[in-house]
Amino acid sequence: MEPVECPRGLLPRPCRVLVLLNPQGGKGKALQLFQSRVQPFLEEAEITFKLILTERKNHARELVCAEELGHWDALAVMSGDGLMHEVVNGLMERPDWETAIQKPLCSLPGGSGNALAASVNHYAGYEQVTNEDLLINCTLLLCRRRLSPMNLLSLHTASGLRLYSVLSLSWGFVADVDLESEKYRRLGEIRFTVGTFFRLASLRIYQGQLAYLPVGTVASKRPASTLVQKGPVDTHLVPLEEPVPSHWTVVPEQDFVLVLVLLHTHLSSELFAAPMGRCEAGVMHLFYVRAGVSRAALLRLFLAMQKGKHMELDCPYLVHVPVVAFRLEPRSQRGVFSVDGELMVCEAVQGQVHPNYLWMVCGSRDAPSGRDSRRGPPPEEP
């Protein structure tokens, strides 16, 4: 099969797409929804596709590691955010990761956590919607073929793991809700509402050290020992055994209800977590809630977050900072981390954002402005 060219910022017409679908995601109806809601639009828009159903955890990761990507103009992922996490990490594990990660991606919501799709929906100028309405909007964006670059978060853990996030890392309340609501996944995204009320009933406090590199901070010199591994070089990070560089900000408080690092606007299709808008290139949102917040105040925050109004409450315990890197060192192994909705062992972790590092189907062809916007258009196939 001959590869095709990808014009700047647009998928070609006709277009070939590899669709990875988790039939067990969300309410377990993703396949039926694809056949009834997505497929007719694709056929009309001259988008041919191959559909692969994932069979187990990390199946999508294995598939994209081995796939001949030149056969496809884009990869579409129909599930929750976790399957996109698998795909991106699979692409970054390939020997040709530098070109593989530029293969355009499309998020089709079919899971119980659809924050990435909700964010793309927001960037396209659509109203906040859920379920089949959100799926149809994202399908229409694929049919329109427009691409936009997105930031990528590189993470390192104390045990030596390196992984990548396309959406978020959370610790504390949000991660607990992710974990404990898993048993309600057949309810769809309402599982998070149920989980929130259960967790509010028994609010936990987590102890740890949080540090970050704010946007606009200029170092007198680059750290002497930056992390160098396969993949993009994390120039702002030093090994976890070393103290953070002196130009970083260390949060004096060490008791938290939650810490959230977020690359996009939504935490779910019904949680507009970052109403300040799309991150600039090379920037991510850091939110944390300090211990001392009451259950009632925390509930008000999450209820207001449904409409993006939580920052207007001026809660003294809620802090938001735009950052380019962070480090979080839990004092114990109690609890978990959630990375793009996928659970990770609780241990020291740090990360930095890489600007405009991957391409996604989106409603706007404009790249996020700001820091070091280096990525060009997706490469044309030879």
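Placed from the backbone N, Cα and C atoms, the Cβ positions cover glycine too.
Database features (Swiss-Prot):
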ACT_SITE  ASP81  active site, proton donor/acceptor
BINDING   22-24, 54-58, GLU86, 111-113, ARG185, ARG191, 340-342  ATP binding site
BINDING   SER79, GLY80, ASP81, GLY82, ASP178  substrate binding site
DOMAIN    12-159  domain 'DAGKc'
MOD_RES   THR193  phosphothreonine
MOD_RES   SER225  phosphoserine
MOTIF     147-155  motif 'Nuclear export signal 1'
MOTIF     161-169  motif 'Nuclear export signal 2'
Note to self: Below 8 angstroms Cβ to Cβ, which residues of this chain, lying six or more residues outside the motif 'Nuclear export signal 1' (147-155), approach it?
What the structure shows: 9-11, 88, 101, 104, 123, 161-166, 169, 231-232, 234, 261, 263, 279, 281-284, 339, 349-368, 373, 375, 377-378
Notebook entry, point to check: Since the record lists LYS57, ARG185 as binding-site residues, which of them has the fewest other Cβ atoms within 10 Å of its Cβ?
Noted result: LYS57
Check: Taking the Cα atoms as reference points, how far is GLY111 (ATP binding site) from SER79 (substrate binding site) in Å?
Finding: 4
Notebook entry, point to check: Cα-Cα separation of ASP178 (substrate binding site) and THR54 (ATP binding site), in Å?
Noted result: 21
Item checked: Secondary structure content of the motif 'Nuclear export signal 2' (161-169), with strand meaning DSSP E or B -> 0 helix, 6 strand, 3 coil
Next item on the list: Taking Cα atoms as reference points, rank the recorded positions SER79, GLY80, THR193 by distance from GLY341 (ATP binding site) and give the first.
Entry: GLY80
Note to self: Given a separation of at least six residues and a C-beta threshold under 8 Å, show me what packs close to THR54 (ATP binding site) in the same chain.
What the structure shows: LEU20, LEU21, ASN22, PRO23, ALA60, LEU63, SER79, LEU83
Notebook entry, point to check: Using DSSP, would you call ASP178 (substrate binding site) helix, strand or coil?
Noted result: helix
Note to self: Going by DSSP, is THR193 (phosphothreonine) sitting in a helix, a strand, or coil?
What the structure shows: helix
